[in-house]
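> My questions will all concern the structure given below.
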Amino acid sequence: MSLLECDLIIYGSSVITQDENRSIINDGAIAVTGNKISDVGPKSEINRKWTASKTLDSGKSILMPGMINSHTHVPMTLMRGVADDLPLLTWLHDYIFPIEAGLNKELVELGAHLGCAEMIAGGTTAFLDGYMHEDAVGKAVDESGIKAVLGEGFFEFPSPFFKTAEQAWEVMEGLHERFSKHDRISISITPHAVFTTNPDQLVESMELAEKLDVPWQIHCAESIPETELTLKKFGKRPLEVLRDNGLLTARTRIHHCVDVTEQEISLLSSSGTMVSHNPQSNLKLGSGICPLTKLLDAGITVGLGTDGAASNNDLNMFEEMRTAALLQKGILQDPTAIPAQTALDLATVNSADFLGLTDTGSIKPGMKADIIAINMNKMHLKPVYNPLSHVVYCVGAQDVSLTICDGKVLYHDGKHFTVDIETVSHEAEKAVKWALSRLKNH
Ligand SMILES: [Zn+2]
């Protein structure tokens, strides 16, 4: 029997597939053709069937799907550590907003390059972004080889970025047009939050999301102070404002969902609204704890995200998985809450749904080749009883040895192939002076 031809075969000591049966293959291999997975199975079987122009034996390593970050503001890596240990609204109004008001495209692109590089090295192959100058983020995504759903954020008009709603919608349509044929980039409509916009704008922006057939994402129910502000402004809680304006739909993506009632959880569930869980950002900003277990029990699709590096302060999805699992065990005093498999589902298959991507998040024939390898030849990872438990409770972002996105090797053994790390790091250090000068002027 002649062998089938593919471009690349990757070998590992185990493959966590995240397929429907959540199969884990010992001594496994993945065959890749172009940007897609052709086959996955035991090494002996793949070798019997396939021949490749290139092979990558990652030795004692776990192969798994690239993780998907369902909520971030990638250029905010430039504000990593600029202000810590402050309440959400003080942090936003006294530090983040004044710096952001002075951002230009070059700085946004720089921050995006830094963030994309961090995610690639840490085993993340896709993310949902929300920021300004998203065309500059798109440029960094295009060049770095990662994939993203971009979201041009907007606040009440006029804002430093848009004088009128028409202007904002035009920019979003332009962004959609520009990336509509891109293999790795798409867009979403991205109002900042209920309390920083108004219902008419929200409704209009949802109409635009429907017209373009893209997701509609918003920060919502992030903290009690946000609820209080929204009550003061509209006489309703944030999710009630969305409900009353017909904005809870299968297209809706909610970030945070911390201050949420039982009735609101039912509303999210019955409307098909999806939620992004961001435990480290919520903890660091003292916003509270999302009732993740209740959301999942209600049948809501929940993805996992880091939020921006100004409130996390990194884009490390391994830490995020572990925090999500440990938090629920702790607050519920139940060690069976959010088992390792559920935590990994949040970061892979669920986040793929959240981004509206149907061809990533698992290792199966036909899916995009978004694959990472974790080097298990490390003292802190010995011995291995259960690869799945290791990935959630033991592995760190620094243990990622290989990142492949759309069939292309972006990172291998500490080396980036698409990002000039030295230049990006140097420029990021230089941006510190600029950011601090914005605060002095404030
Ligand atoms: Zn956010």
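Easy rule for this one: first residue shown is 1, then count along the chain.
Cβ atoms here come from the backbone N, Cα and C positions, even for glycine.
Just so it is clear, the model here is predicted, and its values are computed rather than measured.
I grabbed these lines from TrEMBL:
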- HIS71, HIS73, HIS219, ASP307: Zn(2+) binding site (BINDING)
- GLU100, HIS192, GLU222, ASP307: substrate binding site (BINDING)
- 62-409: domain 'Amidohydrolase-related' (DOMAIN)
> Within 8 Å of the Cβ centroid of the Zn(2+) site residues HIS71, HIS73, HIS219, ASP307, which other residues of the same chain have their Cβ?
THR72, GLY130, HIS255, HIS256, SER276, ASN278, SER281, GLY305, GLY308, SER311
> Counting other CB atoms within 10 A of each CB, which of the binding-site residues HIS71, HIS73, HIS192, HIS219 comes out lowest?
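Selected from the binding-site residues HIS71, HIS73, HIS192, HIS219 on minimum Cβ neighbours within 10 Å: HIS192.
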> Can you list which of these binding-site residues (GLU100, HIS192, GLU222, ASP307) have a Cβ closer than 6 Å to ligand 1?
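With ligand 1 as the reference and 6 Å as the Cβ limit, the list reads ASP307.
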> Ranking the binding-site residues GLU100, GLU222, ASP307 by other Cβ atoms within 10 Å, which is at the bottom?
GLU100
> Relative to the Cα of HIS192 (substrate binding site), which of the binding-site residues HIS71, HIS73, HIS219, ASP307 have a Cα no more than 10 Å away?
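Those near HIS192 (substrate binding site) - Cα within 10 Å - are HIS219, in sequence order.
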> I'm trying to understand the geometry here, so how far is the Cα atom of HIS73 (Zn(2+) binding site) from the Cα atom of GLU100 (substrate binding site), in Å to the nearest whole number?
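Cα-Cα distance, HIS73 (Zn(2+) binding site) to GLU100 (substrate binding site): 12 Å.
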> Can you see whether DSSP assigns GLU100 (substrate binding site) to helix, strand or coil?
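It is helical.
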> If H, G and I count as helix, E and B as strand, and all else as coil, what does DSSP give for HIS71 (Zn(2+) binding site)?
strand
> Taking only the Cα atoms, work out how far ASP307 (Zn(2+) binding site) lies from GLU100 (substrate binding site), in Å, as a whole number.
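ASP307 (Zn(2+) binding site) to GLU100 (substrate binding site), Cα-Cα distance: 16 Å.
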> In which DSSP state, out of helix, strand and coil, do we find HIS219 (Zn(2+) binding site)?
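Note: HIS219 (Zn(2+) binding site) is in a strand by DSSP.
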> Where does ASP307 (Zn(2+) binding site) sit by DSSP, helix, strand or coil?
coil
